[in-house]
Amino acid sequence: MQYKNQNLTHFVKAAGUAAKLSPGGLKTILNFMQKTPALLSDIGNNEDASVYQISPDLALVQTLDFITPIVDSAYHFGAIAAANALSDVFAMGAEVINALNIVGFDTCNHDLNILKELLEGANDKVKECNALVVGGHTIESTELFFGLSVTGKVHPSKFIANNTSKIGDCIILTKPLGTGILSTALKAQMLNQKHLDIMLKNMIELNYKASQIALKFHPSAMSDVTGFGLLGHLKEMLNKNISFEIFESELPFLDGVKEYFNMGLIPAGAYKNLEFIKELTPDLNEEKLLLCDPQTSGGLLISISEKDSLECLKKLEDENIQAKIIAKVVNKQENDIIIS
C-alpha cells in the first residue's frame, strides 16, 4: 500500500520502541517472577520470548510486543509493529502459529479508517510467515499504540536461547542500525523522502528468512535488536564466561543516520540505554550513542561458529539480507563489551 502521511507520530510522546521504559529500572522490579520446570527459557536475562514445554516433543513460544507509531502511515505502522513483535519468536528459532492484535486507539485524533489500515498492515505481515491473526482486544487510549501477542512452537530441545554464545563465535547482525535516529528526524519533520523509504524497507522486513537461514548452521545463541539498542541487547546475550569484542568499523548504519545524529536528532531512549550499559563498559561516552540507538524491528544477532560464519553470511546476502559480522565472542575480560 502507498505511504500516506496521516500524522500518527504527531500525537505521541515517543515513537516506536523508543517509548520503552528504561531497562535498568525494569530489572529492579521483576525479581519476583518464578520459574517452573516446564518453563525452559531463562527469566533472568530478558529472553526474547517464553518457552513452555507441554509435551516431550512440543513447547509453546509466547511473546507480546506493542509500540506507539514510528511512522505516519497507518498501514506501514501496523506492518512494522507486527514485524517487531513476530521477531521475538524468530529469534528463538521457532515457528509462528498465530497472533492476537493489541490496540490502544486514540478516537479523539483518528477515525476508524486508520484502525482498518493499521490492522491490514499487520495481517499482511503475519500471513507472510504462514500464520494467522485470530482475534485481539481494543481499548480507547489517549495515545495510539499497537502490537501483537504471538504464539509459536518449537521442539523443547531445539529453541535458541540468547545467552549461550560460545567462545570463538562470530556475531552476525542482519539489519543496519539507526531506525531510532531516523524516526526522531521524521517526528521533527526533518526526514527526507529518500531516507524515509530506506527506513520503511528496513523495518517492514521480517526476520523470518534470516532465522531460517541461521538455523541451518546451528547457532549457539540468537536475539534481536530492538528498544535497548545494539549494546543493550548484546548485554542480555552475555554469560559468566564470555565478553564481546565489537568491530566498530564493521557496524552497518542506514543511509543518512550519521547525518541526522550529528544534527542532534537523538531519541531520549538512547541516553537511557547508555546509562544501562555503562556498568559493563565504564569508559563509554556519548560518542557511542549510536550504538545505544533504540531500534524498532531491528535485525537478528546470530552467534555462530567462526567456521560457519562466512557461509552463513553468503546465504543471508543471497536473500538480499544486509548482514555483517560485527563482533566476536572472547574469553571473559575486565570489560564485558569491548569496542575495537
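Note that Cβ sites are derived from N, Cα and C of the backbone, with glycine treated the same way.
Residues annotated as active site in Swiss-Prot, with sequence analysis given as evidence: Unk17.
Here Swiss-Prot flags Lys20, Asn45, Asn46, Glu47, Asp65, Asp88, Gly136, His137, Thr138 as ATP binding site, drawing on sequence analysis. Taking Cβ-Cβ distances under 8 Å and a sequence separation of 6 or more, the neighbours of Gly136 (ATP binding site) in its chain are Leu100, Asn101, Ile102, Val103.
A strand conformation is recorded for Asp224 (Mg(2+) binding site) in the three-state DSSP classification. Counting every protein chain shown, 26 other Cβ atoms lie within 10 Å of the Cβ of Asp224 (Mg(2+) binding site). Residues annotated as Mg(2+) binding site in Swiss-Prot, with sequence analysis given as evidence: Asp48, Asp88, Asp224.
As annotated by Swiss-Prot, site 'Important for catalytic activity' applies to Lys20, with the evidence given as sequence analysis.
Asp48 (Mg(2+) binding site) has a Cβ environment of 26 other Cβ atoms inside 10 Å. The highest number of surrounding Cβ atoms within 10 Å, among the binding-site residues Asn46, Thr138, is found at Asn46. When the Cα of Asp88 (Mg(2+) binding site) is compared against those of the binding-site residues Asn46, Asp65, Thr138, the shortest separation belongs to Asp65. DSSP gives Asp48 (Mg(2+) binding site) a coil state; it is part of no helix or strand.
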